[in-house]
Structures are given as structure tokens and as C-alpha cells.
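What follows is one structure encoded as C-alpha cells, with my remarks underneath.
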Amino acid sequence: MSSQLVQFSTVPQIPNPPSRHRHFLSERNYIPANVYEHPAALLLERCSSLKELRQILPLVFKNGLYQEHFFQTKLVSLFCRYGSVDEAARVFEPIDSKLNVLYHTMLKGFAKVSDLDKALQFFVRMRYDDVEPVVYNFTYLLKVCGDEAELRVGKEIHGLLVKSGFSLDLFAMTGLENMYAKCRQVNEARKVFDRMPERDLVSWNTIVAGYSQNGMARMALEMVKSMCEENLKPSFITIVSVLPAVSALRLISVGKEIHGYAMRSGFDSLVNISTALVDMYAKCGSLETARQLFDGMLERNVVSWNSMIDAYVQNENPKEAMLIFQKMLDEGVKPTDVSVMGALHACADLGDLERGRFIHKLSVELGLDRNVSVVNSLISMYCKCKEVDTAASMFGKLQSRTLVSWNAMILGFAQNGRPIDALNYFSQMRSRTVKPDTFTYVSVITAIAELSITHHAKWIHGVVMRSCLDKNVFVTTALVDMYAKCGAIMIARLIFDMMSERHVTTWNAMIDGYGTHGFGKAALELFEEMQKGTIKPNGVTFLSVISACSHSGLVEAGLKCFYMMKENYSIELSMDHYGAMVDLLGRAGRLNEAWDFIMQMPVKPAVNVYGAMLGACQIHKNVNFAEKAAERLFELNPDDGGYHVLLANIYRAASMWEKVGQVRVSMLRQGLRKTPGCSMVEIKNEVHSFFSGSTAHPDSKKIYAFLEKLICHIKEAGYVPDTNLVLGVENDVKEQLLSTHSEKLAISFGLLNTTAGTTIHVRKNLRVCADCHNATKYISLVTGREIVVRDMQRFHHFKNGACSCGDYW
């Protein structure tokens, strides 16, 4: 591209005017002595749109005014102003004697539409046509270079500008300053600024905006301070430029000072200022003030609406974001791509598929369905609404996939229980030479954590290290979480201890890891260590601590944390916190307290609260509270067969066979099914899956023969099958059914295919049943093996006939 500046073999051919206009060129009807008084001239002066201009153009030709310099200049200028540079060129080309101002206007037009190639071609043509460049020509070109981040071309124009004698011109230097800032070369922009023999408000505003837009917020504020020290009053552009820096630093006190200055200067009524203030207050956490400003605006543009929608989305209030979006539509404001993306983000957070589909349809009507950023937002929305296949279909049709597109799909699969698909897409992405970023690796690590396969965990850890991202706090936090979920809690702690920087999410991941492994005391110790530092715990921290206490029977410590959350840290309680408290009390057998806690909740209990209560009733075989909890669960979530199965198990433990039958009939009537149990074990880098009673595995005969002998051995050691868990068949058949549960098959296969002393790692999609839990303790005893089982709730470390959960799960 840069060679265009020094040599062109041919002058670019710009289309001639339409033939229907050519015959007018020689016609000259009556023209007043002063062309400015001609009706066509008056129409051009009042022209306010491209449509009007196209209607006026034939009048100019018809009246023979085309050769008048006034009309030539006015037509070219207006077509450029309205962004129709091709039509401006069709007016420009046939002119016999072109004034220099026409060349300058055309170049400005190309710059306005940010067409660098055509702007450069036209600039070279000007040299061929002996048009001497003026300083503004260079500023136009520099503007386009900045808009397109073309640093190399921008530097060449800088060189030409110096050769042309404009190196110290204020306008030229301001243009250079702006170009370097937009090309993310802020230090170069600052050098230009410092070399200026004189500076005006525009040059100061340019450097302020440069710092602000390039993430150097403190420097932006410093420049405003220096500007004021030189007795230059900040303009409304200064305020709009510096407010994003205030937002980035969350300096609301400074923001309020700027707001006060804007009011005293009379700028607060300007729509750009009001919009920037709304954005600043929202990003500084003062959403109420932002909304008051927004509601008080006498005039709003689409950017104002977008700022308010984004404010609610970023402050985790998607319901209000959708209300603002709806109000925007009701007031007839046409949404932009930014509006649509904000609304889609809100729908994703709400899991509102219906409204998400409506916005999808709206985006098609607005012609935004080919906008890659909008499509990426649609993919994310469908993934969060559990419509992953719809998202994958959109991704497949997307012609220009960006890194964001790949990341959205990988995360979507990871969050929807399809980790294998996530890894496959990651592999495809790398094969297409798309370079992964931090977000990609965090998503892939999340998928591997879901798989809970140590080999995969070590593989991605190696990839991360080779990518030099093993010191990135987001990636290392994900690694801590992944290793904990893969059963390697010691490796997780090792990575945690080696981290030079930790976020609250890092502490949360490690505390949660200890909790799911049943190491409640270790979780509490780490929580105490966290409180001594500078990072404050958040709601997720307390949820992890309470859950850790629940899994370890540390009831009093859990209660203390629950009340500390509100009293010491002013953290709002969520439904998850209430559910964790019911689980804490219920697991400990304090069912009366748990039920009283539910009844006294200040908000209506949700499914997770009653689900925790029902789970506790199964542990402690309490039919009374189980029926109460189940009744509420069937109302709140009638389509989940899991709660019906749980209630049936409680009835079965109480030998209430008639009730068991009623639950079964109810499930059949509603078409509800029990989720089949599946256990997975990794052997020699390959994952093997087993379902209860299945003979699909190629080594089934060996597995069942080995398992039969193993059952005999553990019976000799004291194992007694819990036949109460099976109904409707004879005792010997009950034992046979119990012996072929998926956990036992996976463990047997692991023992058959590993050497003595090797730890067996098993993953199950459901809660481990009581019989398998008991049997696995005996298996660890008679084989001398450590067996780690991860079920849907926690980890169980079986060793020497005991489990880390202490039979408390």
C-alpha cells in the first residue's frame, strides 16, 4: 500500500457522469448576474439530505449551471458530506477546469468514509495533476490512517508532511498526534505533543483522548490537570474524553467534580455529556445516579440508550436492561448493533430464550444478521439458553469467524455439559491457525474440569505453559479449579501457592476445591488466611465456605460464616446461600432447624432450597419433611424426575412400598424418567464409560468375571449388600443387580488394567448410591488401592476401608 505514495503506473479511473446528464453540459439557459441568487443555489444551501441533493442535481444540469464553480464546489462538497463519494466523483470528473478546492474536497470525502486506498490514490493523482498539497490534505490522510490503524502508512505520510514543510504546523502536528494515538502508539503521540511550539485546546483534547482510549487512565487525568494549570478551560470534548478514564479508575469523587464543572459551564444539557456521565456513574457502581441522569435527559440519542442498557447488563441487572431496551423500541428509536448486543447479553443472563429469539428476528429485520459481532452475541445467547445446537448451526454458517466466535462456541459447549465438543472445536480452531487467547484457554480448562480427566488436565497445562500464559492470573485460577475437580487437590494447592497474583476468584477456587474433597478444616484455614489479606471475600467465597462446612459436618463454623457475611461484609444473600444453609443443617440431622429456616426466609424459597431439604431427608430417612419438601418441588419443577426418584428412595428406606408404587405410577403418567447412572474411568489416556448392567464394553466378560470374584472377597471382609435399594425381585436377583452398578464396573475395569499401588479415578454423573459407597470402602481395603470417586456433589477418597467423607455425604 505504501508504494502508492511514491509511484502509480496509472491514474485511477473514476466513473463518468450518467449519459442522461451529458447533453446538459453545453446548454446555458438564462443565468442571473449573481449565481448565488439562482433558485438552484438556494435549494443547495437548504439541502439537508442525500435524497434532496439527488433531486436538486438535475435542476443544476437543466439550467446549465454545471460549469459554474460555485455549483461544482457545492455539489462535490454536499455529496461528500452525505458519504456518497462515488456520486461526488461523477460530478468531479467531467469538469474541464478543476479548481484546487475541488481536489481538496474530494480528498476530504474519501477521508470521511475512511477509504484509505482511494484516498491515497487520489492524493497521488493530485500530484500528477500539479495540485500543490496543503496542510489539510495531510490531516485528511492521517485521519484515515488512524481510523484504520495503518501505522506504517501513517509514518510515511509523516515523512511526506515533513518534506512538504509542515512539520511544525499546529494542524499537521495535531493530526499526527491523533493518528499515533489511534494506532496505539501513545508514546509517539506524546512526543509530537511535546514538540509543538504552541498548543490549542484541540491538541490537548487529542492527547487526553489518546491516553484515555489506550487504557492509560491516570495519564489522561494528569494531562487534564496540566491543561488547567496552563489556564486552558476544558471544553465539552475534554469532558467526554476524560470521563472514560474516570470510569476505568472508578474514581467517582473525581467524576462528581467533573459533573459539577459541566453544570457550571452549561455543558450538562449536551446529549454527549449527559451520556458520558450516565456511563461514568454506572461503571463506578452508582447505578441509581446514572438512571436519574438518564431519566432527566431532555434529549437522548441512540448512544444514550445503549449506555443505559449496558449499565444494567454490566451491573448484573438484566431485567432492567430489557425494560430499557423495550422502552427504546416503544419510543421509536432504531436500535444499533450495540443495542442488540446489549439486549442479547441481558437475555443470556436471564436465560430468556423467547425474548432472545425475538431479538434475533429483530436483528434480521435491521439487517444486522451479517454483523459478526451481533452473530457472536447470538451464539452466546443461545448457548446460555441451552440451545447449543442452534448456536453451532449459526457458527457453521458464519463466513468470517473471529476469535470471539470460536471462544463463544467452546465456552458454550463447556457450560452445557459437552466438554468433548469443546475440545474438538478447540482442535479445529488451532488447525485453522487461529491463535487462542486467555479467554479460550479458560474455556478449554473449564471443559477439562468437567471431564475430570487428569491426563487431559496435564496436557492443557503444558499447552498453556508453551503459550507463556502460565503466569496469567485468570488462566492459573482456572488451572487451580481444574486440578481440584480432577481429584488432584495437592497440585491445585501447589499452583495456588506459586501464584504471585491472586484474585478473589482464585481464593474461591481453592476453598471450593477443599470443600468438594471433604477437607472442610483446610477450607476454613484458607478462608481465615484470606481475611488477613487485602482481598475481600465475596458472595461466592461464603457459598464455598458454607458448602465446605456442610460436607465436613462443621455446622457451627458454617453458621458463623453465614451471619458474618451480612454483618461484617454487607453481602446480599442469594438463593444459593439459603440453599447451602439448609444443606448444612439438614446433613447434620438438624431437620427441624432446617425447615424452620426455610419457613422464615425473607424471600420465596426456590428449587435448590427444597432440593437440599429433600436430600437431607434421604440421609436421615425422614419421611415427614421429605413429603413436605417434595410437594413444593413438584410444584416448582414438575418436569424433573430426579426428585421423584429421591422421594421413592426415602419411601423405600422406610419400607413404605405402596408409596413407592404411587411415585412410580406418577412418573409413568407424567412421562418422567430416571437419569441413567454413568461412570467413567481413564486408562492409558482413554476414557471408558459404563452404565449399570451394560455389556457394551468389549472387555465385559473379563470385567464381570473379575467383579464376581471381587464381590466374594469383600463379602468375606464384612460387606453386606443393601438389598433394600432394589424392589420387586428375589434377594439373589437384588444382589446381582446391585453388583452391576456402573461404579463397580468402572472400578473393576480400573483394577484389571492398572498395576498394584495405582490410584483409581472414577467419575459418576449422579450421586453415589449407599451400596456402592459401602462396597468401595471394602474394595479399597481388600485390594490395598486408593480409589477416588467424583460424583455430582463431591469427591470421595477411599483408602484402607474408609472414605474421606466419613459417611457424611
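For all residues, glycine too, the Cβ spot is worked out from N, Cα and C.
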Range among 3-33, 685-715 that Swiss-Prot annotates as region 'Type E(+) motif': 685-715
Tertiary contacts of the repeat 'PPR 15' (538-568), as residues 6+ beyond its ends and Cβ separation under 8 Å: 504-505, 507-508, 511-512, 514-516, 518-521, 523-524, 527, 530, 574, 576-577, 580-581, 583-585, 587-588, 590, 793-794, 805-806, 808-809
DSSP helix/strand/coil residue counts for the repeat 'PPR 15' (538-568): 28 helix, 0 strand, 3 coil
Other parts of the chain folded back onto the region 'Type E(+) motif' (685-715), taken as Cβ under 8 Å at six or more residues beyond its ends: 451, 453, 455, 676-679, 737, 739-742, 744-746, 748-749, 751-752, 775, 778-779, 781-783
Mean predicted confidence [pLDDT] for the region 'Type E(+) motif' (685-715): 92
